[in-house]
Amino acid sequence: MIAKFEEELPLYSLSSSDAARQSELLSYIAKITEGETDMKSRSKIGGKNEGCFNKITVVGAGDLGIACVLAVAAKGVADKVILLDLSEGAAKGGTMDLEIFALPNVEISRDFSASADSKVVVVTVNSLGNAQTYLDVIQSNVDLFKGIIPAISHYSQNAVLLVASHPVEVMTYVTWKLSAFPKSRVIGVGANLDSERFQYILTNLLKAEVLAKDAWVIGEQGEDKVSSWTSYNLAANQTEGMAARNSRQKVANRAMEVLKGKGQRSWSVGLSVADLTDSILKDRRKVHSISTLAKGCCNINSEVFLSLPCILGTKGVLEMAKLEEDPLVQEKLQSSAGSIHDLQQQLKL
């Protein structure tokens, strides 16, 4: 998990000047929690924003946050997109460019109240700071979230919270605890991107379209992810069924090898976020592999979030799709759950 974090770290960075920006951000959050900021839209709490039915807020104006805004705007799923830039001082980099080349229905704000009545809130911020260890980095994220999540939850009490911060399994858990939202309305981007790629590879590169519709990448992001199936009609005859299973697994292994060569960049994660918000806002009831509370699945007894195929709608997770029973897959999920739970126990929430 540590090696994975270090390898993928640039994807979720706040900016090129991480330490300075982190200091600014923590300072601003402190003022928020002390009630010192100018909440210009207090009267909007609990009310409706005129002319804004489907509203999305993206928290964090780093590369990933801006990528999410652009992807959501391009997909046209929202009537209003708020980019919440929590850094102090003048607009910089991509945020300044967004202000210069104004996009319809996109607004940049530094005030939490601008997010009021959002249907979906996407959290992309990540603390890098000067932490020396992996645990210190995550604890720094937790401290950051302590100021952000309660404020966001206060202004959008019926929102679905979609976490893209890193590591997504742990930070989705932290978001769930800090928001006190029901588990159905706190999800992580999880393996949605990997699953879509996996299905594309099966269908278009390996010509296994029949297999693709029930194929998913699940578990923990990174090297520990695993392929699985929600339903597959194996032959009734045991011998034929075993042959069919082995054949399917060979194709899946080939697809996973191809998948390993595909990196994840901000814009690709942004497209995945737009895909998820589309399913939520339009109540598509489409199945996605997203980070959800895995307790009770595959004999997991701890409160951890793992990517599992779930049906998404306006209320978040409507139902978890049933996975085909596979002892090896269950073993890997239980192993991931154990390591994540041990890490969470060391955090100070």
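Residue 1 is the first one shown; counting continues down the chain.
Backbone N, Cα and C atoms are what each Cβ position is placed from, and that goes for glycine too.
Because TrEMBL annotations are produced automatically, they should be read as predictions rather than curated entries.
Quick caveat, the model's predicted, so the values are computed rather than measured.
Here's what TrEMBL has on this protein:
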BINDING   Gly60, Ala61, Gly62, Asp63, Leu64, Gly65, Asp85, Asn141  NAD(+) binding site
DOMAIN    55-188  domain 'Lactate/malate dehydrogenase N-terminal'
DOMAIN    192-339  domain 'Lactate/malate dehydrogenase C-terminal'
NAD(+) binding residues Gly60, Ala61, Gly62, Asp63, Leu64, Gly65, Asp85, Asn141: largest Cα-Cα distance, in Å and rounded to whole number: 17
Ala61 (NAD(+) binding site): tally of other CB atoms within 10 A of its CB: 28
Other CB atoms, at most 10 A from the CB of Gly62 (NAD(+) binding site): 24
Average pLDDT across the domain 'Lactate/malate dehydrogenase C-terminal' (192-339), rounded to a whole number: 89
Cβ atoms near Asp85 (NAD(+) binding site) (within 10 Å, other residues, all chains): 24
